[in-house]
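S.K.: I have a structure I would like to understand better, so I am pasting it below and will then ask my questions one at a time.
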Amino acid sequence: MRSLLDRLGIPAALAWGYLGLLLFMIGDGVEAGYLSPYLVGLGFRESSVGVIFTVYGVAAAVGAFASGALSDAWGPRRVMAVGAVIWVVFQILLLAVAIPAQNYWLILISYGIRGLGYPLFAYSFMVWIMAAAPTRQIGRALGWFWFSFTLGLPTLGSALAAGLIPAIGAYRTLWLALGLIVLGAVIALTLLRDRTGFQGLLPPHQRDVKRTLLGSFTILAEKPRVAVGATVRLINTTSQFGIWVFMPLFFTRELGFTLSEWLHLLTVMMGTNLAFVVVFGALGDRWSWRRTVAWFGGSLAAAACLAFYYLPVAAGHNFLVAAIAAGSLGAGLAGYVPLPPLLTAQAPDRKGQVMSAYSLGAGASVALGPLIGTVFIGPIGVAGVMWIYAGLHLLSTVLVLLLPEPAR
């Protein structure tokens, strides 16, 4: 089994972590395709729901940023545990109190704080991978990280929701997600025994939380190329998180798709992404990290953003056409997977802080995507928002080509 995992590019010592991550992200992804229209259905305005997701995104950005620095100080395993506890506690508050009371501010607060949970859990495991995986397979190891992440959020999560909502309802489905979160966290925290993640990644005399958090900020100024790479990561999933919030309403209200059809489109998008994160991870190891991100990430994603709007509009209620467009976007988003090793190469002696900058970009995209929609969908419509997303992806192509790639 160990030799098979090594051939696949999965570090055998971290294998249980991948399974735990998968289950955790399935639980987190259950809501991805329907929570926005569900909250609108409770009587809240679309703009108000957009604010909820923006606050959630800000919290996710904070959690993502803190994951690397806290892993340096405390060790990835402890940070993962903190993230899991936050997710569970505030999901219970959301489901047991806030939603039944239909209290907007309590929903905003509980769901917003819960946004800290998944990035602390997931991105701390990514830091663990970066610290423990052999250099020769780091691209593939990260590809499998994103495979597990995306297979859960939103691919299997959305598919599970599509099957459960007609049977038990939207509200009970959210409770089931909580059980998956607990199961994934228990597996990762009890069966993952690689000792690298059990203690801070920095030398003992440098494991000061304030110092590591401050260093994660200052590195953006001290190493401008790290800031450029973090911006590329920000752009990577900005369109994805915006699309998850606003496109369900567009497809169901304007194009005539059912919610179930939208969830299946989301499954197609991220299922395609699943296949290509592994492909592009291996391609980055064998060809070029930088060129893979530029041409199969930024450029392809830009074209796919426009296709995801214009092809369904032209074809009308045609699932096949929409699925082709969704799949192309999923592939383009996967093209960014070799970015972490390219980014850590810009400051190899400060990997934890570099990964904090990377994770900050990842987390901030959760807020920026919905924010762009909230601000611009009124004045310029869905088409204009998709053009903004496409333009950002093209900008990321230019930016990543500015980063030097080390000889290997």
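Even glycines carry a Cβ here, placed using N, Cα and C.
These figures come from a predicted structure and were not determined experimentally.
According to TrEMBL, the protein carries these features:
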{"type": "TRANSMEM", "residues": "7-27", "note": "transmembrane segment"}
{"type": "DOMAIN", "residues": "13-408", "note": "domain 'Major facilitator superfamily (MFS) profile'"}
{"type": "TRANSMEM", "residues": "47-67", "note": "transmembrane segment"}
{"type": "TRANSMEM", "residues": "79-99", "note": "transmembrane segment"}
{"type": "TRANSMEM", "residues": "105-131", "note": "transmembrane segment"}
{"type": "TRANSMEM", "residues": "143-168", "note": "transmembrane segment"}
{"type": "TRANSMEM", "residues": "174-192", "note": "transmembrane segment"}
{"type": "TRANSMEM", "residues": "226-250", "note": "transmembrane segment"}
{"type": "TRANSMEM", "residues": "262-281", "note": "transmembrane segment"}
{"type": "TRANSMEM", "residues": "293-313", "note": "transmembrane segment"}
{"type": "TRANSMEM", "residues": "319-339", "note": "transmembrane segment"}
{"type": "TRANSMEM", "residues": "360-380", "note": "transmembrane segment"}
{"type": "TRANSMEM", "residues": "386-403", "note": "transmembrane segment"}
S.K.: On the 0 to 100 scale, where does the mean pLDDT of the domain 'Major facilitator superfamily (MFS) profile' (13-408) fall?
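M.R.: Mean pLDDT, the domain 'Major facilitator superfamily (MFS) profile' (13-408): 92.
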S.K.: Relative to the transmembrane segment (47-67), which of 7-27, 143-168, 226-250, 319-339, 386-403 accounts for the most Cβ pairs at distances under 8 Å?
M.R.: 226-250
S.K.: Of the stretches 79-99, 105-131, 360-380, which racks up the most C-beta pairs under 8 Å with the transmembrane segment (386-403)?
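M.R.: Selected stretch: 360-380, with the most Cβ pairs under 8 Å.
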S.K.: If we skip the immediate neighbours and take only residues 6+ beyond the ends of the transmembrane segment (79-99), which ones have a Cβ under 8 Å from one of its Cβ atoms?
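M.R.: Same-chain residues near the transmembrane segment (79-99) but 6 or more away: 24, 28, 42, 63, 66-67, 70-71, 106-107, 109-111, 113-114, 116-122, 124-125, 171, 174-175, 177-178, 181-182, 185, 188-189.
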S.K.: Determine which residues of the chain contact the transmembrane segment (293-313) at the Cβ level, with the cut-off under 8 Å and only residues 6 or more beyond its ends counted.
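M.R.: Result: 232, 235-236, 239, 243, 247, 251, 255, 276, 280, 283-284, 321-322, 324-326, 328-329, 331-339, 342, 382-383, 386-387, 389-391, 393-398, 400-401.
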S.K.: Count the CB pairs under 8 A between the transmembrane segment (174-192) and each of 7-27, 105-131, 143-168, 226-250, then give me the winner.
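M.R.: Per the Cβ count, the answer is 7-27.
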